[in-house]
Amino acid sequence: MDSRVLASRFMYSSVGDNIIVRNAGNLIPRAENFSYDTVTTEAGALELGCIRNNIRHVVVCGHSDCKAMNLLFTCRHECHKPEGTPLQLWVKKHGQRSVEKFSMLSSENKYLGPVVFQAETTQRTFEAFIDPEDKFRIEDKFSQVNCLTQLQNIAGYPMLKDKLANDEVRLHAMWFDIYTGNVYMFSREKKRFIEINEENLYHLITDAESKASADFIVHGDHGVYSEIK
């Protein structure tokens, strides 16, 4: 929901191209938190987009200097405390899994990783190296981890289970650097966010559409919802 992030501009999209949901921290509440009393618009948007409108690609988009992620990072050791401001409660409740994933990284290797994330099903996973060139602040590394974590949250919704298993819906992560204007897409083959440019474009399109990329590692174990055309 950051006013500095204009999704239609950096995605070069126009009316009818995307269904966009903006919230603080590009967080997708987990399916187990879903009930009549706790339902939020993100779950409804997933149903509207993927079930009722047959959107094939869901993109979670985060960005640098995200105030919600910065806040979650500062209070990451207090997620178990059910107290705070509205924004604190929102990020603590729905960002706990991101905190858990980030805790798997070590400062000794500059929080590089790899970290294993669930993909479209529990049988599909992928590894991620976070900011291997060490260009970004630790809070921005955390923001990238959060983007990838939301893919697992989305995959947990029972209404999407069959579509995800049959590759009728694909999950992707995008990350925008508000200071340089560079946009990054996560490549499952390369196991990291790579810049979207002419050099990488063909690879990213192939990676996004390839079933092999979704099955890069197989073993048991914001949001922006976008139709890529």
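Just so you know, glycine gets a Cβ as well, placed from its N, Cα and C.
If you check TrEMBL, you get these features:
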- Asp2, His63, Cys66: Zn(2+) binding site (BINDING)
Cβ-Cβ neighbours of Asp2 (Zn(2+) binding site) (radius 10 Å): 19
Within 8 Å of the Cβ centre of Asp2, His63, Cys66, which other residues of the chain have their Cβ, at the recorded Zn(2+) site? Arg4, Val5, Asn26, Gly62, Ser64, Asp65, Lys67, Ala68, Met69, Ser143, Phe176, Ile178
With Cβ-Cβ distance below 8 Å and at least 6 positions apart along the chain, what are the contacts of His63 (Zn(2+) binding site)? List them in sequence order. Asp2, Arg4, Val5, Ser143, Trp175, Phe176, Asp177, Ile178
